[in-house]
Amino acid sequence: MALIVHLKTVSELRGRADRIAKVTFRGQSFYSRVLENCEDVADFDETFRWPVASSIDRNEVLEIQIFNYSKVFSNKLIGTFRMVLQKVVEENRVEVSDTLIDDNNAIIKTSLSMEVRYQAADGTVGPWDDGDFLGDESLQEEEKDSQETDGLLPGSRPSTRTPGEKSFRSKGKEKTKGGRDGEHKAGRSVFSAMKLGKTRSHKEEPQRQDEPAVLEMEDLDHLAIRLGDGLDPDSVSLASVTALTSNVSNKRSKPDIKMEPSAGRPMDYQVSITVIEARQLVGLNMDPVVCVEVGDDKKYTSMKESTNCPYYNEYFVFDFHVSPDVMFDKIIKISVIHSKNLLRSGTLVGSFKMDVGTVYSQPEHQFHHKWAILSDPDDISAGLKGYVKCDVAVVGKGDNIKTPHKANETDEDDIEGNLLLPEGVPPERQWARFYVKIYRAEGLPRMNTSLMANVKKAFIGENKDLVDPYVQVFFAGQKGKTSVQKSSYEPLWNEQVVFTDLFPPLCKRMKVQIRDSDKVNDVAIGTHFIDLRKISNDGDKGFLPTLGPAWVNMYGSTRNYTLLDEHQDLNEGLGEGVSFRARLMLGLAVEILDTSNPELTSSTEVQVEQATPVSESCTGRMEEFFLFGAFLEASMIDRKNGDKPVTFEVTIGNYGNEVDGTSRPQRPRPRKEPGDEEEVDLIQNSSDDEGDEAGDLASVSSTPPMRPQITDRNYFHLPYLERKPCIYIKSWWPDQRRRLYNANIMDHIADKLEEGLNDVQEMIKTEKSYPERRLRGVLEELSCGCHRFLSLSDKDQGHSSRTRLDRERLKSCMRELESMGQQAKSLRAQVKRHTVRDKLRLCQNFLQKLRFLADEPQHSIPDVFIWMMSNNKRIAYARVPSKDLLFSIVEEELGKDCAKVKTLFLKLPGKRGFGSAGWTVQAKLELYLWLGLSKQRKDFLCGLPCGFEEVKAAQGLGLHSFPPISLVYTKKQTFQLRAHMYQARSLFAADSTGLSDPFARVFFINQSQCTEVLNETLCPTWDQMLVFDNLELYGEAHELRDDPPIIVIEIYDQDSMGKADFMGRTFAKPLVKMADEAYCPPRFPPQLEYYQIYRGNATAGDLLAAFELLQIGPSGKADLPPINGPVDMDRGPIMPVPVGIRPVLSKYRVEVLFWGLRDLKRVNLAQVDRPRVDIECAGKGVQSSLIHNYKKNPNFNTLVKWFEVDLPENELLHPPLNIRVVDCRAFGRYTLVGSHAVSSLRRFIYRPPDRSAANWNTTGEVVVSMEPEVPVKKLETLVKLDATSDAVVKVDVAEDEKERKKKKKKGPSEEAEEEEPDESMLDWWSKYFASIDTMKEQLRQHETSGIDLEEKEEMDSTEGLKGPVKNKEKSRAAKEEKKKKNQNPGPGQGSEAPEKKKAKIDELKVYPKELESEFDNFEDWLHTFNLLRGKTGDDEDGSTEEERIVGRFKGSLCVYKVPLPEDVSREAGYDPTYGMFQGIPSNDPINVLVRIYVVRATDLHPADINGKADPYIAIKLGKTDIRDKENYISKQLNPVFGKSFDIEASFPMESMLTVAVYDWDLVGTDDLIGETKIDLENRFYSKHRATCGIAQTYSIHGYNIWRDPMKPSQILTRLCKEGKVDGPHFGPHGRVKVANRVFTGPSEIEDENGQRKPTDEHVALSALRHWEDIPRVGCRLVPEHVETRPLLNPDKPGIEQGRLELWVDMFPMDMPAPGTPLDISPRKPKKYELRVIVWNTDEVVLEDDDFFTGEKSSDIFVRGWLKGQQEDKQDTDVHYHSLTGEGNFNWRYLFPFDYLAAEEKIVMSKKESMFSWDETEYKIPARLTLQIWDADHFSADDFLGAIELDLNRFPRGAKTAKQCTMEMATGEVDVPLVSIFKQKRVKGWWPLLARNENDEFELTGKVEAELHLLTAEEAEKNPVGLARNEPDPLEKPNRPDTAFVWFLNPLKSIKYLICTRYKWLIIKIVLALLGLLMLALFLYSLPGYMVKKLLGA
């Protein structure tokens, strides 16, 4: 069978261009070759061939599209020709010449000529002549090429029901064939056949699934590839690139319908903010406080005095219990306030704000160590006000966030590279104005009682609208509101609310609310949220936020006014609105401000101004829309509503609302204007005889009242039978359909993509073959969909009512989809079997992006509401988006529910729908809806099931176009439904026993049936077939086959008293068999499938079932397939699931390891004493032995038992295994203690080992060089062994180890250079901090490699796409630049210029999580099953599974097919009594020494009012309870405990260790902050050997001493013995052989005296560290470690209360005793004394003006401190009246301090306030502050300048004052950095800086100082005096004696003034005068001398 198209020519083309044709049939497309430079005629002369597996339907369509081809841009569509293949099917050969149509369905001149041929399989169609085509050489070439195809693509198969063979443009003109004359009794109008988008009949689908697919070529220059008839896709040479586009898994049978509203339900949230420090605060000599606000809650840090860079490190926690929407809109505000105290509120320096949602959307829901930029909201021209470094995290219930490790944190001084901004936000944000323009509103509801209004009307005759509206806008923590419009349902404002904020803003949403002004309390009428991300685009070609002018629809509570509205929350925007409230016309614009403009208002206060009014037509031309609905079924009506008549009302906006839509605006129907383009486009859709005059067509919006009939004890139904009521509503809305059409196209693409991705996931989950092919098909469909969007979306470009957002958004969507299509195409080629999961993740990103783009921010037509009403009260509703119902003649634009029968489940409004009330179905409707323009009305019945007659409201001439008020079905089909209910698993526990008595109730149409009740199980196997006979369904048979009604299955718990409890619900669609179909594979019989059961929004188990709907033909039930039940069972009237559907069974053996029971709680107040465990699976089971005295020994005597059972061969269908624990009481009674259901046996199935695998091989050699000290960048060394490798592992001591040993012996100079630590100085903390450094380095490397990999993938997927990658490249370049800066930081960045070489220190492993998560819960052979009792709690109860746990069963399972492979039972030492559990240890009681090391806690939840806690450790194990109350740590949220505790315990009685952190309180009981529980028994018995961690190196002394009482060689010997492994065999030269693996390593060890001795321990340790490579028994051994465990509080389940770092060692008491515990007590800070001598100052700015002379001078003194101004501030004396800025002091400060070198922090203890009970320890950075001041006698001293020196890294001082420049402090020049802790003594000149009026640094002086650091001991030996005192006094400075007052010593002053100030001037004048005098004397004497000379005298 094949369809062949010969495309000849296309003529009358316009212009000269390259042409290409695309021919599509059944979604499979071929492209022609490109014809270059065609002018008028394109002569294609090409043949295309489709092999078809199923016969062609006469209604199928062939589509030809002609494009102008472009290599660069997307191809431009010239025109389309669509042909219905009716004539081709009848005559086999058709010649066609016809014109094309354009996008708007208008005829164009261009025409094509072609020939179409078809041969059916049975040869029924005409004579066939092969020669015409098959002789064609080109085709044979193509046939040949197709053998080498690298891809196959079946596309989607759109189809139509259009009779007639002409192209679609002739729609309105042509009558259908076959005797239909267009009368309505046939159930279809003439035009009904024109509906596109109705899915093609699936009758042939199974045959077609394997049909060869055709690839749509990426390179259009090539010929399209064709595949020959009957060729199996997998036989193609490159089958790996095959694509599959039809669904493999039967997902369509599982409609996903969630009943309960999820939005609006409150949840627990915790916002934690750590304020670390602030930098570069603007202002002089500040006392800053940081205020942290979240919503309305405020908290403050302590005040730091006289500093511009305060250090706080304070932690704040805010707890909330609100709905997610409210939470994410809360604003986090961080402000810095200067001089705040009890009396003063302080002045704001700057603030920073962002919403909680922005933080939550970050990776791990947090910002870590980021700098917030402060700006002044009162002065937007002021610029930057400083930075605050903080951590911000938002945690919801159940969120697990990974917090980076707190210890040993270095200052990240790269501020610019670590700003508190989301990815993509530029660091320099600009100020912008946000103009929210409010124009007018319509359709407001009544908001006052009419009582007073009626009184007024009676007295005054005044009739007012009962609402006084105004609009309030909330944005970024500010709000503004318009004026109030008194008494108006249609208020007109024309005002704009103006916000000023930084752009882009860090607040995502703007809230616009219409409120009613009231004297007592204003209430919200409706709320709309504007998401700024949806109305802007931040890309290169993006646009600023813009909106409208456009109408937005507001929804909320019902419109009837009551004084106390229970649904008022809905009007506030919380939860889904249940009714239309109003619509508001608004606009939004953003203007970026030029802050340098002097006319700019600098405040950010909200302003309200007048806005320019806009015309009414700006939102689009008003059009009349027509909504039609037909109610085909109303069932499952809740019994509460069953006693009164029920009616259904449909509304759109206020139209159709007859009960409370009183304030509906009466809009006149707009006149048609002759020039309208739309009119021309759609002229074919309207007809002349349409009854369109206003008033001709009244709306009918509700069904006639009808009394429900009973279905069963829970539900009723309405007996519609063959008469189906209809509704229709006329309404007027602006015509903005284009927006909805574009959204629909994207929704269609997204739905198709989601369906495909779900299918791929299902294939992976169920392990179906070739998921990669299906993913390729999904990507191919996505690519085609994106290209289709580009061709369809760009219509109506010149539409006058298009807003700027419409235009920009369309461009943006087109760019995104074009890029997505190309990425999908290139991704398709990369999909391989091993990359499926990675590519699936990338596709999920596509889906998210599509969903985001499809959400249209500018509304047009309001949503449709369907209300069920009883007794004139609204009971329940459903809401359908209008875009889903919108009609279009283009298939892709059609709403997904338009002209389709949709199943709707009505729900209760608002909060009534939460919880158990929301679980009940209020009503189930089968409803047909259609929405379109009135002029398209002829189509409204086109999708209804056929076979009806219309009943009109009125009869008369010309009324045939009126819609019907009901439909009477004359055609009906009779069916039988078979529901094969096999089993369910993981159901909710509905009884107090923790079990249920479940039965299932199946609903179909108006019938329901129940399965039998199975008692006391959560995993019932009903194995029952329910048969529903004589089901009457209305409509055509084939329509029912394609889209059968939904089956509802509800699971209930049978109660002896009262009604059954609801446990969950699921939905299914049956597989339909028509009477003329054979009941045979592949479709029948149906396969059992799992259906997810939901209770509300929570999953409540799975149902394994199958459903089939069988048509009963003319000969009755005789034609139905027989019911073949299993012959071996007789269950009376209950019919089991038939053979063929029920699973195929095999014999399995289930071995059970019974180890013991733990922590059993009392049952009915009585203790459990003699428990027993019952195991049951598929009706078979086994009982454990009885524990005779649970208190004495809770373990079982008999360890292993087994039973045999028949289980399905398909592992996915395995039934659950039930574990029950009963307590055996006297007189044969027993009570259920608790139960556990193992829902999946998969992990317990035994699979024989693969003998060919690598670790079974015993030959080969691998060399591994092991370094005892792991360098920073080296990750864990693993030995990989392949099947042919020799098994020798060489562990060499690395060369640098030997070098290190050598260097130790060298002199001190080399040692200093190498920075080699002195081993005697090292302790456990050195090891800990070194390990954390390594961990951080590894994480950093991991992140960078992760980023690189991600970017590589991005680059791969965007191959050849230059545009989309640009941003990425830019940001990457910036990151690289930053990285370089960080690696070579300047001096200002506070890091040493030469990179510090890491000292070599032995390390341990720091796990940032629990040890259990790293080692699979230590369940390698012993599993823990939680036993549950009691009812499953509901979400709103806040109850968790934890509360239902009544104990734990320890044991294991092993499931395998019998008989067992012989080689297993023949293995050495096989003990049949233990079965598969060979080599397990004895479970007799054992005494153990448990040693707990608690290192530290981080981020504890504050427990006191002051926001701090006083934590201490409490440990409980069995009866031992240790409370370390005396050693509580005062006011600390990050305490370092450094404690170890030894407890002797006895397993199994004492095996659960609880480590808790309590808050110490002086009065009252101590509060629990949080606790963590550790199961020690699983650790103790685990093969991972978690008793004592294996260290990295073996040492017998020093800080890294070996802790385990067993040496490595002893451990190795024991492991070999237990695992029955050959070895260990120690050989010479450090060799050891273990099971054909040889390890080599160092063979000597150095003792405390430096003596070297031979040892085997090093090599034994290397074998232990590679134990996972030992064949058969190898596994990873737990290394020496510290684990980080979350602390949880039972009162706040699911939210971490902090983290605790600890580790646990266990030592059996029958082994050698361990050594003394390690000393991990917190390091004591070392005492130092810093001596600072201030010698001189120079160039100090002169501040004072002299009273008499106006001379500038300063009275200088220098102030310095180390810990804080209040703690140790010291001042020099005053150098008075310095006229030059020079000051001489010779003054010494002494600063004693305690210092922690590892953390680089000064430790100080002080009382927090005068009321504090004890001192609090603070850790602050070691920074010396020097300030220069001008002393004043009467007023306050003036601050002149300061410098802050970080004692660990500060610029070296200049040698002279001249060389000292400002750049030394600002880091602009490269100055060497020094550390006082290394240099000990430093002297030099340093600059002092202050900020000027322009907020820039300026030099205000220089200080010469000398810093000398001594330890406390050295300081004691060499004491010195403070200031200039003894001992070792400093000389008095030689100051100029100008400290005077004029009138005391005038001569001295004159002398100073003249001598000092005018010295050089006076000298010059004197010299000049002397010169003049000499000249005068010379001139005076000259004549006399000359005369004398002349006369010779």
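Heads up, residue numbers simply count up from 1 along the chain you see.
Cβ from N, Cα, C; glycine included.
Over all protein chains present, the Cβ of ASP1504 (Ca(2+) 4 binding site) has 13 other Cβ atoms lying within 10 Å. Marked as Ca(2+) 4 binding site by Swiss-Prot: ASP1504, ASP1559, ASP1561, ASP1567.
The Ca(2+) 5 binding site feature in Swiss-Prot is assigned to ASP1832, SER1835, ASP1838; the stated evidence is sequence analysis. Neighbour list (SER1835 (Ca(2+) 5 binding site), Cβ cut-off 8 Å, at least 6 residues apart, same chain): empty. SER1835 (Ca(2+) 5 binding site) falls outside any helix or strand according to DSSP and counts as coil.
The feature compositional bias 'Acidic residues' is assigned by Swiss-Prot to 129-145 (among others).
Among the features that Swiss-Prot reports, compositional bias 'Basic and acidic residues' is placed at 163-186 (among others).
What Swiss-Prot lists as compositional bias 'Basic and acidic residues' is 202-211 (among others).
For 675-695 (among others), the entry in Swiss-Prot reads compositional bias 'Acidic residues'.
Taken from Swiss-Prot, the feature compositional bias 'Acidic residues' applies to 1348-1357 (among others).
According to Swiss-Prot, the compositional bias 'Basic and acidic residues' annotation covers 1366-1379 (among others).
Assigned with DSSP, the residues of the domain 'C2 2' (251-372) fall into helix, strand and coil as follows: 17 helix, 60 strand, 45 coil. For 251-372, the entry in Swiss-Prot reads domain 'C2 2', with the evidence type sequence analysis.
The domain 'C2 3' feature in Swiss-Prot is assigned to 415-546.
What Swiss-Prot records for 959-1084 is domain 'C2 4'.
The domain 'C2 7' annotation in Swiss-Prot covers 1710-1861 and is backed by sequence analysis.
The topological domain 'Cytoplasmic' feature in Swiss-Prot is assigned to 1-1959; the stated evidence is sequence analysis.
ASP1559 (Ca(2+) 4 binding site) sits 46 Å from ASP1838 (Ca(2+) 5 binding site), taking the Cα positions as reference. For the domain 'C2 3' (415-546), residue counts in helix, strand and coil come to 18 helix, 56 strand, 58 coil, using DSSP. The closest partner of ASP1832 (Ca(2+) 5 binding site) among the binding-site residues, by CA position, is ASP1504; the full candidate set was ASP1504, ASP1561, ASP1567.
With all protein chains in the displayed structure included, the most crowded Cβ environment within 10 Å among the binding-site residues ASP1559, ASP1561, ASP1567, ASP1832 is that of ASP1559. On the 0 to 100 pLDDT scale, the topological domain 'Cytoplasmic' (1-1959) averages 80 in this prediction. DSSP assigns ASP1561 (Ca(2+) 4 binding site) to coil in the three-state reduction, outside any helix or strand. When Cα-Cα distances from ASP1838 (Ca(2+) 5 binding site) are compared across the binding-site residues ASP1504, ASP1561, ASP1567, the shortest belongs to ASP1504. The DSSP secondary structure for ASP1504 (Ca(2+) 4 binding site) is coil. Within 8 Å of the centroid defined by the CB atoms of ASP1832, SER1835, ASP1838, the record's Ca(2+) 5 site, lie the Cβ atoms of ASP1830, ALA1831, PHE1834, ALA1836, ASP1837, excluding the listed residues themselves. Every protein chain considered, the tally of other Cβ atoms within 10 Å of the Cβ of ASP1838 (Ca(2+) 5 binding site) stands at 17. Taking the centroid of the Cβ atoms of ASP1504, ASP1559, ASP1561, ASP1567 as the Ca(2+) 4 site, the other same-chain residues with Cβ within 8 Å of it are ALA1503, ALA1509, ASP1510, TYR1558, TRP1560, ASP1566, ILE1569. DSSP gives ASP1567 (Ca(2+) 4 binding site) a strand state.
Helix, strand and coil residue tallies for the domain 'C2 4' (959-1084), in that order: 6 helix, 61 strand, 59 coil [DSSP].
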